[in-house]
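Straight from Swiss-Prot, the features:
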- Gly161, Gly163, Lys164, Thr165: ATP binding site (BINDING)
- 1-83: region 'Domain I, interacts with DnaA modulators' (REGION)
- 83-116: region 'Domain II' (REGION)
- 117-331: region 'Domain III, AAA+ region' (REGION)
- 332-456: region 'Domain IV, binds dsDNA' (REGION)
Amino acid sequence: MKLKILHFTSGNKLHIDNILKKLKSKLSEFEYQFYISLMEYDENASRTDMKVFYVPNIFVANWIKSNHLESIIDAFEEESNNGVRPEIHIKVKEKKENVKSLKNNKSMLYFNTNGLSLNPFYTFENFVVGKSNEYAYTIAKLVLQQQASAYNPVLLYGKSGLGKTHLLNAIGNDVKEKNKNVLYVTSEDFLNDYMDKIKRKTMDSFRDKYRKCDYLLIDDVQFFGGKEGIQEELLHTFNTLHNSQKQIVMTSDKPPKEIKGLEERLRTRFEWGAMAEITNPELETKIAIIKSKCEVNRIVLENEVIDYIASNIYGNIRQIEGILSTINAHINLSPESSSLKIAKNVLKNYQIEKLEGITLDNIIKVVSKELNIKPSEIVSKERNRKVTFARRAVIYLAHSLMINSMNIIAKELGMKDHSSVSKALKAIKKEIAENSTTRNIIEDMKSKIQQSLDSV
C-alpha cells in the first residue's frame, strides 16, 4: 500500500516515499497496513515546519497520535534534517454524497432479504482497535482478502458488548459491495427458521437459503448448545459450505470447548479455522472509544472527565453510550456544575455490576502475579519498595472495585487501622497522577481482575 499524497510534485513524491520506507521498516506490518497506509499527505496545507495529514476517521487519528507521532517526526527529520510538527486531521465526506448513497443503494441497509438487516454503522472504519481486539480485527480483515483459505471458519469469541457483532457486520458491509451473497443471522433466528420450515414441510427452501450463500455469518453460536436436532442440521450446512469453498464466520461468548451440550463433531469444525478472542479493552482503547462516541454524538467533555470514565468502567463497553448520554443530560440541566463531579455521580449507578464477585483475594492474586511477588508478602510486615508498592496497589484496587470499608481492608492486610490504609491510598493516587507507567500498570491489573472473574 502507498501513502496517498494530495497535491504533490514529483520531487515531493520521492521525499514522501523515502519517509514511508523509513516508517515501514520501523513498524509492524499490522501498524503499517491498518494505520500508516491510510494517511493522506496534503502538500498545499503543509509548511517546512508543519506537515498536514488526513485520515479516514477519529480512531485512526487517535491511534496515530498516541502511538506513531514520534516515529513520523523522526522519519521527517532523518529525511530533511528539519524539525517538523505533524498535524493529523479527519477527512470529512460530503453529507449529500452520504445521503445519496443510502437512498440509491438498498444493500446499504439490507444485504439479504432472507436474513437479518445489516447495520450500516458497524464498519471497519469506526471499529476502535486496541490490544484487546487487535487479533480479531486482523482476522476479520484477512477474511475479506483470502476467502475460504486458512481462515475458514472464523470464530470470534468473548463476553457480551466487546465488539464481536460489530466485526461480523463490518465483514457483511464490506463483502456486500462485491456483489457476494451474504447471509447474516443469529443462532436463535437460525433455529426458529428451522422449526418453521419443518412445520411447513419446506426444508428444501431452508437448505437452499443457508447452503447457497457465499458468506454465512452467525451470531451467538453458544445458543446451539444442548439442541441436538438443530446441531445436526448446522453440521450438514457447515460441511456443504466448507466443501464449496464458502466462508463461515461465527461469534460466541465462549470458546467451543466451553459450550455445554455442543456435539464433538461440531466443536471440532468450529475449531478448524481461526479462533480469536476479544477481551476487556485496556485504558487507551477505552479512552479512544469514549472520544469517538463523544464526537459522533456531539458531546463535549474535558480530557480529565474522559480519563475518569475510562478508568472506572469495566467489561461491557456497550455501557459507554448510556453513560455518556446520562452525563451529557446532567451537564445540560446543570451547566454551572463541574463535569467531573457529574461524571462521578453518574458512574455510581454503574458500580453495583462492577463490584459483584470481586474479593480482596482476587485482587491480591492478580497483583502478586503481575508484580512477581508472593501473596504472603503483601499481607506481611515487610516494607521494602517492591512489597510496599504491591500493597498500595492492592489498597487502591480494593478501594476502587470493592464496597469494603477502610477498616476491613486494613484488617485483611494486617495493617494498624484505616488511617494507615488512607495514607497508603493517598500515596499511590499521587504516584498514579504523576507517573504514566504506574497508571498503566494499575489499569492493566484492573482489567486482569475483571477477566479473572469472567473466566470463573
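Going from the start of the chain as shown, residues are counted 1 onward.
Using the three backbone atoms N, Cα and C, a Cβ is placed for every residue, glycine included.
DSSP assigns Lys164 (ATP binding site) to a helix. Counting other Cβ atoms within 10 Å of each Cβ, the binding-site residues Gly161, Gly163 show the lowest value at Gly161. The DSSP breakdown of the region 'Domain IV, binds dsDNA' (332-456) into helical (H, G, I), extended (E, B) and coil residues amounts to 93 helix, 0 strand, 32 coil. Note on the region 'Domain IV, binds dsDNA' (332-456): its mean pLDDT in the predicted model is 82. Sequence-ordered, the extra residues of this chain that approach the ATP site, with Cβ no more than 8 Å from the Cβ center of Gly161, Gly163, Lys164, Thr165, are Gly158, Ser160, Leu162, His166, Leu167, Thr251, Ile278, Arg318. Cβ neighbour count for Thr165 (ATP binding site): 20 (other Cβ atoms within 10 Å of its Cβ, all protein chains included). The Cβ neighbour count for Lys164 (ATP binding site), using a 10 Å radius over every protein chain in view, is 26.
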